[in-house]
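Peer 1: Please read through the structure below; I'll follow up with questions.
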Amino acid sequence: MVSRTDRSSSSTSKAVTSSPSTSSLSSAASSPSVSSSSSSSSVSAAGMTAVSTGPLTGSRKTWLVGADPDLRVPMREIVLTTGDTVVVYDTSGPYTDPGVTIDVRRGLPATRDSWIAQRGDTAPDERRTVPGTGASGPGTLGSGTPGSGTPGSGPLGLGGTDLDGRVRVPRRAVPGRPSITQLGYARRGQITREMEFVALREGLPVETVRAEIAAGRAVLPANVNHPESEPMAIGRAFLVKINANLGNSAVTSSIEEEVEKMVWATRWGADTVMDLSTGSDIALTREWIIRNAPVPVGTVPIYQALEKVGGRPEKLSWEVYRDTVIEQCEQGVDYMTVHAGVLLRYVPLTARRRTGIVSRGGSILASWCLAHHEENFLYTHFAELCEIFAAYDVTFSLGDGLRPGSIADANDEAQLAELATLGELTQVAWEHDVQVMIEGPGHVPMNKIEENVQLQRELCHDAPFYTLGPLTTDIAPGYDHITSAIGAAMIGWAGTAMLCYVTPKEHLGLPDRDDVKAGVIAYKIAAHAADLAKGHPGAQAWDDALSDARFEFRWADQFHLALDPDTARAFHDETLPAPAAKSAHFCSMCGPHFCSMKISHQVRAHAGGDGLDPAGHGADPAGDEAVTAGLREKAAEFNAAGNRIYLPVANS
């Protein structure tokens with residue numbers, strides 16, 4: 001949702017605001033090559049990098065309040081020098097609210113706890129505690145890796161307790177009661193607090209939110225064990241969302257870095273994050289991210305399951321995977337990528353590909369299928385998996401394990417065979433009232449992008465589409481945030497509901513904090529461009545505000561309205577750093593004499609002097625007379641020249 005107001009206008013919703021940020025403070029982590037945003041550092045556990053806090057430059061926190069004053073939806077309000085404000089969708093959570101003291105050791109406030117408890121259809125499972133860092137055993141969650149630590153060990157001394165030392169008991173559905181999923185509620189005609197929150201946030205009627213979820217065209221990922229998250233919806237009828245991937249690897253990164261990446265990604269606009277950790281301390285890293293995440297968190301459980309069996313795909317089993325999924329459900333993972341469509345008979349279809357199987361999860365399960373010459377255990381146990389997801393309201397993100405990894409492989413037989421199977425599994429999940437979205441490619445040339453969306457809608461019954469890019473060319477390592485943002489904008493316009501970001505490090509290495517920002521900004525541009533093309537209500541208000549500021553040479557407002565205010569200001573100040581340049585009617589591109597907008601103002605002033613409006617029509621009777629007199633003058637010139645249409649060229 002984007003709205004524009006002025007100081008004299010009245011609003012139908014109450015709003016509470018905090019002070020705008022006017023200074024540029026140092027960020028939590030050093031970034032020598034990129035100017036940081038106006039952020040400060042929060043208090044953190046000993047030895048842990050502080051996370052970024054504070055409002056974006058020129059912005060302040062505001063809240064939309066509906067009929068129920070207890071329901072407050074956070075937004076970002078950009079304050080302009082004219083006294084107007086522009087209110088935009090905000091994913092940053094409490095980290096940009098100067099009135100909140102952030103301590104990552106305690107996690108974020110569990111805002112949804114009371115909503116969940118009041119429904120009375122879930123209860124704490126006293127047999128379980130969260131999290132554990134040692135080997136798994138009855139009643140204890142953990143990575144299950146021998147030697148990975150014991151309760152109380154690890155870099156931050158956690159194990160079997162919540163981040164602030166309290167034992168946390170996970171919730172699950174009360175047996176015998178109706179479905180506790182947002183899909184179940186929506187189908188029964190019940191409007192939840194989460195749906196009300198989304199309606200305010202998107203600027204849509206709450207009945208639209210309920211109906212889209214009930215039809216399976218949208219998902220509202222909201223695990224009952226992640227009460228810290230701020231509800232959001234993913235679907236064609238809503239703003240296009242973006243996801244940012246995080247997570248360590250066996251080679252690099254740490255828990256501290258991944259928590260800061262999560263905060264940094266949501267600061268710049270990530271609607272969800274996925275923890276794709278494959279290195280050490282997978283469970284502990286995930287716990288820290290979830291407890292501090294204001295957005296839904298997704299995972300790929302097969303990664304942790306593989307770690308439990310020593311990294312050997314052939315040693316995997318349904319039992320190991322099932323226990324891993326339950327552990328992650330109890331921690332609060334909101335959606336999980338499940339590669340249940342990688343069937344044994346589809347694996348040979350990839351043999352003639354230029355780049356084979358490029359999905360990590362897809363390759364792991366293909367390897368298992370070939371090692372045992374059995375059908376994928378995620379496919380054969382899918383109904384049981386649905387029952388587990390339904391107990392916690394976890395959303396399926398049905399993985400495209402056979403997605404194309406190169407332009408040459410786009411829309412091939414393997415990709416489309418798996419897509420048809422995902423459509424089959426979608427209906428199975430819906431029978432269990434489990435929410436579903438479908439993952440898509442990948443690497444797709446522009447001429448095949450719309451076809452991908454049409455096939456997905458047809459084969460997967462209009463379930464929301466969630467795509468990685470797609471990259472529209474393979475020739476630009478180091479710039480794949482650009483090659484993929486092109487495809488992302490196009491596929492978002494065609495109907496994709498969420499775009500998984502790609503960073504400049506794609507295909508090259510693990511992204512750092514700067515890469516995360518570059519990827520998020522690129523994808524926010526793509527998503528917003530798609531919203532504009534779709535004609536989403538209110539999407540253009542932000543563009544119009546910036547266009548006005550640009551035409552009126554309000555430089556400070558241009559900076560503040562930018563997706564990245566600090567970079568916009570830094571680029572301007574590289575050549576015109578003086579304070580006087582902030583009121584100049586030109587920039588260093590055209591200089592004082594060739595600025596098209598300055599000349600346009602002069603043309604308007606001249607037209608206005610003749611009583612004309614900017615379009616050249618009479619703004620008043622005197623203006624009409626000026627137009628008539630001008631036409632008569634030109635007619636007289638034509639007659640004086642002998643009524644000739646073509647005149648000889650004059651010699652110089």
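Cβ atoms are placed via backbone N, Cα and C, with glycine included.
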Peer 1: Can you tell which of HIS339, HIS507, HIS528 Swiss-Prot lists as binding substrate with ASN245, MET274, TYR303, SER359, ARG360, GLY361, ASP400, GLY401, LEU402, ARG403, GLU439, TYR466?
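Peer 2: Within the candidate list, Swiss-Prot flags HIS339.
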Peer 1: Any same-chain residues 6+ apart from TYR466 (substrate binding site) with CB under 8 Å of its CB? Would you list them in sequence order, or say none?
Peer 2: ILE234, ASN243, SER397, MET437, ILE438, GLU439, GLY440, THR496, ALA497, MET498, LEU499, CYS500
Peer 1: Under DSSP, is ARG403 (substrate binding site) helix, strand or coil?
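Peer 2: DSSP assigns ARG403 (substrate binding site) to coil.
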Peer 1: At the level of the C-alpha atoms, what whole-angstrom distance separates TYR303 (substrate binding site) and HIS443 (Zn(2+) binding site)?
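Peer 2: Cα-Cα distance, TYR303 (substrate binding site) to HIS443 (Zn(2+) binding site): 23 Å.
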Peer 1: As a test of the contact definition, list every same-chain residue at least 6 positions from GLY361 (substrate binding site) whose Cβ is closer than 8 Å to its Cβ.
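Peer 2: Listed in sequence order, they are VAL300, ILE302, TYR303, THR337, HIS339, VAL342, GLY399, GLY401.
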Peer 1: Give the helix, strand or coil assignment DSSP yields for SER359 (substrate binding site).
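Peer 2: It is coil.
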Peer 1: Of all the Cα pairs drawn from ASN245, MET274, TYR303, HIS339, SER359, ARG360, GLY361, ASP400, GLY401, LEU402, ARG403, GLU439, TYR466, the residues the record ties to substrate, which distance is largest, in Å?
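Peer 2: The substrate-binding residues span at most 20 Å between Cα atoms.
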